[in-house]
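As structure tokens, the structure follows; a few thoughts come after it.
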Amino acid sequence: MVDMMNNRFRKDIMKNASESKLSKDNLKKRLKEEFQHAMGGVPAWAETTKRKTSSDDESEEDEDDLLQRTGNFISTSTSLPRGILKMKNCQQANAERPTVARISSVQFHPGAQIVMVAGLDNAVSLFQVDGKTNPKIQSIYLERFPIFKACFSANGEEVLATSTHSKVLYVYDMLAGKLIPVHQVRGLKEKIVRSFEVSPDGSFLLINGIAGYLHLLAMKTKELIGSMKINGRVAASTFSSDSKKVYASSGDGEVYVWDVNSRKCLNRFVDEGSLYGLSIATSRNGQYVACGSNCGVVNIYNQDSCLQETNPKPIKAIMNLVTGVTSLTFNPTTEILAIASEKMKEAVRLVHLPSCTVFSNFPVIKNKNISHVHTMDFSPRSGYFALGNEKGKALMYR
């Protein structure tokens, strides 16, 4: 029973003093009567039983049907929207093996839920990716070998590592658990082996030498196949997504395109506005080439124009960084390009493709926990993004 006397609105609908208490059903009826009296009858929108009969009102009927239900009318889009990226911080990738030495390489395994972190503390560590604790699987310690770069082979069965001051290339066989040092590649006259690239199909290893030389090695045997030479020094290099071409960025601001099989130069062009190149990357779908220069500009080109035109124009020049762009990474679905400069704190941005606009909510500047970024990678299905800084932290985002 509902007490009618202690509510002034209910008092008004009492017909006599005997209605000082009403049951809930009677109160509901009385409120309905009062409402209909005020409205002059039952309004159309309150009539659920009445249905329109004329055939030309079918669409309106559908609308009525739609408005009878509640639910999520917004469906997920097939492509990533621009503007704001939904992301959250995860536990650091290397939280179970902290270090203060600079992280030189962070890379996700191509087939397993594993992330590799390597740095100047002479160690390559593997962690399981779960976003919560990221348990350590193992660490490989290389004596007197501060790591310049470490990288998985294309099939994920090997880890390759080079040092800042040695010509030895270490190969760690993950299945056998064996560390194999490659002391000397026959025909390779380099005093230091540092920067290298692994082809996406797993056939080739490309070593950036001094004096403009690029050395192509067979991945399986680690034997020299041939060398290519550009003018000036090699600043950065990368394979095309089909592993048939090599893109090399020179210290003179030029980009050279080589055919892998014939080792002939297919094209060379000046990277627009660049005094000298620092980084280069190609997208997984074969659509884009991104070139990073010393002045902080990232030019995004159409890959076809890089092959055919002597003076290709970039689709877009990204000018959000002000110091030299040292790292470029496309995500596997070619929807994000990560750009970073190790010369300045918090100098990392995520660029949306194909709109070539920067996501406004990354990095969160007020947190200031990113510091100087030296390496970046996306997981194979783009669920995670990781970056390594000079403080020994491998930060990870979902």
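Backbone N, Cα and C atoms are what each Cβ position is placed from, and that goes for glycine too.
What TrEMBL says about a protein is an automatic prediction, not a curated fact.
Taken from TrEMBL as is:
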type	residues	note
COMPBIAS	56-65	compositional bias 'Acidic residues'
REGION	1-25	region 'Disordered'
REGION	37-66	region 'Disordered'
REPEAT	234-268	repeat 'WD'
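Residues of the region 'Disordered' (1-25) grouped by DSSP class, helix first, strand second and coil last, total 10 helix, 4 strand, 11 coil. Within the same chain, residues 195, 197, 199-201, 203-204, 206, 208-209, 212-214, 216, 226-228, 274-286, 289, 291, 293, 303, 306-310 sit at least 6 positions outside the repeat 'WD' (234-268) and bring their C-beta atoms closer than 8 Å to a C-beta of that stretch. DSSP assignment over the repeat 'WD' (234-268) gives 0 helix, 22 strand, 13 coil.
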